[in-house]
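What Swiss-Prot records for this protein:
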type: MOD_RES; residues: Lys206; note: N6-(retinylidene)lysine
type: REGION; residues: 231-254; note: region 'Disordered'
type: TOPO_DOM; residues: 1-4; note: topological domain 'Extracellular'
type: TOPO_DOM; residues: 27-35; note: topological domain 'Cytoplasmic'
type: TOPO_DOM; residues: 58-71; note: topological domain 'Extracellular'
type: TOPO_DOM; residues: 120-123; note: topological domain 'Extracellular'
type: TOPO_DOM; residues: 183-190; note: topological domain 'Extracellular'
type: TOPO_DOM; residues: 224-254; note: topological domain 'Cytoplasmic'
type: TRANSMEM; residues: 5-26; note: transmembrane segment
type: TRANSMEM; residues: 36-57; note: transmembrane segment
type: TRANSMEM; residues: 72-93; note: transmembrane segment
type: TRANSMEM; residues: 97-119; note: transmembrane segment
type: TRANSMEM; residues: 124-151; note: transmembrane segment
type: TRANSMEM; residues: 155-182; note: transmembrane segment
type: TRANSMEM; residues: 191-223; note: transmembrane segment
Amino acid sequence: MTGAVTSAYWLAAVAFLIGVGITAALYAKLEGSRARTRLAALAVIPGFAGLSYVGMALGIGTVTVNGAELVGLRYVDWVVTTPLLVGFIGYNAGASRRAIAGVMIADALMIVFGAAAVVSGGTLKWALFGVSALFHVSLFAYLYVIFPGGIPDDPMQRGLFSLLKNHVGLLWLAYPFVWLMGPAGIGFTGAVGAALTYAFLDVLAKVPYVYFFYARRQAFIDVTDSRAAAKGDGPAVGGEAPVATGDDAPTAAD
């Protein structure tokens, strides 16, 4: 691993850890808000990614198999954090548990087959990459076909769903091309270029999630409220819906 690659990993780790710090600040600001526990759960995404990049910078989990270098912690990070990203999108869309589990499993299998392709050669490499690509396509089917059909007719929920869906969907179009062009594929770009690109994409895909959730927190709270109403739980007091106050109240940014 070259010095430039190590530097790229450290820079990504710092970016993710800053993201965790921002999450902590937002968590404190949302004291008393029903959105607080959701924000804490979202912190797992930049937090786990940051720890993974620290390990990658230290060379932990990087092995050579059949002459190919596998950055193991990169794939461990992806198999943990990216299913959470798409699962959260499904939850925001009001999707069923089965659909959310389906998109998360498809995401994890995409990562697993991609990792297997890295350490394979010849026809097997491209066959495994093809299987990974099929799972990648299935993710877009969930994001752009299945999930949109079940979103409540609420502008805030639809707006947040569209933001998250397009943020992840557009960024993830780049990943298979980086893989193809990099050392794992045809080798058009080197390890340094691939490492820099992956680090940039990872940070851009994950850290802003906390901000998106905070900026449109009222829409996410509405998801919880609408589900409670659908189950017949209804308002808790006097037949009136709870009134959002303090940091839960809608703002111009919402």
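Cβ coordinates are placed from backbone N, Cα and C, and glycine is handled just like the others.
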Q. Honestly, do the transmembrane segment (191-223) and the transmembrane segment (5-26) touch, with at least three Cβ pairs under 8 Å and pairs 6 or more apart in sequence?
A. yes
Q. Have the transmembrane segment (155-182) and the transmembrane segment (72-93) got at least three CB pairs under 8 Å, pairs 6 or more apart in sequence?
A. yes
Q: Measure from the Cβ of Lys206 (N6-(retinylidene)lysine) and count the other Cβ atoms within 10 Å, all protein chains considered.
A: 26
Q) For the topological domain 'Extracellular' (58-71), what does DSSP give as the number of helix, strand and coil residues? A) 0 helix, 8 strand, 6 coil
(Q) Please count the residues of the topological domain 'Extracellular' (183-190) that DSSP assigns to helix (H, G, I), strand (E, B) and coil. (A) 0 helix, 0 strand, 8 coil
Q: Would you kindly list the residues that approach the topological domain 'Extracellular' (58-71) from elsewhere in its chain, counting only those six or more residues past its ends and only Cβ-Cβ distances under 8 Å?
A: 1, 115, 118-121, 183-184, 191
(Q) Across the topological domain 'Extracellular' (120-123), what are the DSSP residue counts per state (helix, strand, coil)? (A) 2 helix, 0 strand, 2 coil
Q. Which sequence positions outside the topological domain 'Extracellular' (183-190), separated from its termini by at least 6 residues, show Cβ-Cβ distances below 8 Å to it?
A. 68-69, 117-118, 129
Q) According to DSSP, how is the topological domain 'Cytoplasmic' (27-35) divided among helix, strand and coil residues? A) 3 helix, 0 strand, 6 coil
**Q.** Distant-in-sequence neighbours of the topological domain 'Extracellular' (120-123), which means Cβ under 8 A and at least six residues beyond its ends
**A.** 66-68
Q: Look up the residue listed as 'N6-(retinylidene)lysine' in the DSSP assignment and reduce it to helix, strand or coil.
A: helix
